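Trainee: One structure, pasted below without further comment.
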């Protein structure tokens, strides 16, 4: 079967976990893994699995006679900002797993269909990938005046990049809650949980809704969208049924629905408690396969 050719740029934890997922894809062939450290564990694992592994960076990749159809960038925002124009000039679609946010933000279960031909798409944040689908599930049934999410992740799964970009996490996720999730106002909070043993990623979503909103329809929509996410993130699940609260004197006449989530990682390269990272690589794979379907269809 013909497959779209892909390169993973970045041979760290995210890039290596993504490699395992792409190796299982029926329509993407991860042909190259690119890094800058010749002693990288990711490059070694890629080479062991027959993937062309180079520590000579993007310059080397783009100088090859054969080039990828899709690049998955798992480096840093700074590096991606430098590389993105080069990918675009060569007609290579980019899936950005960094905070660079140069292209439209995508959550596969919500708005992938709008961006299949985009030259560059951004995956927001792990908290966004987990919670925006739930805000969307509510907002497609009734107006959401305000949505607040709390993403709690195991401290060992949060590397220096995450810790240095907490403000960016909250700003970017809040924006996605509004622009993709459909809430009029969004707020995001991240908690790094130091518990031992490390816990799975847990997310709480609160949406303010009209007092007369159809609660049965909202519940059905939440389950429907959760199933859509589970199709590409098997460890994504509701921890309980949605909980509804009636209006209170301080709620402005609005009711509230609470949604409680858990994300268990697949354990491909990262440990299962790293659901916050796994959901990013799973979403990247789903987006890449959408790109590949478009690319392969156009080449027939």
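Count begins at 1; order follows the chain as displayed.
Glycine residues also receive a Cβ, built from the backbone N, Cα and C atoms like all the rest.
Worth saying up front: this structure is predicted, and the values here are computed from it rather than measured.
What Swiss-Prot shows for this protein is this:
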- 126: active site, acyl-thioester intermediate (ACT_SITE)
- 11, 12, 13, 14, 157, 158, 159, 160, 161, 162, 163, 164, 165, 276: NAD(+) binding site (BINDING)
Trainee: Whole-number Å distance between the CA of residue 11 (NAD(+) binding site) and the CA of residue 126 (active site, acyl-thioester intermediate)?
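Mentor: Given the Cα positions, residue 11 (NAD(+) binding site) is 19 Å from residue 126 (active site, acyl-thioester intermediate).
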Trainee: Look up the residue listed as 'active site, acyl-thioester intermediate' in the DSSP assignment and report helix, strand or coil.
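Mentor: In three-state terms, the residue listed as 'active site, acyl-thioester intermediate' counts as helix.
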Trainee: List every residue in the same chain as residue 163 (NAD(+) binding site), at least 6 positions away in sequence, whose Cβ is under 8 Å from its Cβ.
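Mentor: Listed in sequence order, they are 192.
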Trainee: Of these binding-site residues, 159, 161, which scores lowest on Cβ atoms within 10 Å?
Mentor: 159
Trainee: With Cβ-Cβ distance below 8 Å and at least 6 positions apart along the chain, what are the contacts of residue 165 (NAD(+) binding site)? List them in sequence order.
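Mentor: For residue 165 (NAD(+) binding site), the qualifying residues are 99.
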Trainee: Residue 159 (NAD(+) binding site) to residue 126 (active site, acyl-thioester intermediate): how many Å between their Cα atoms?
Mentor: 13
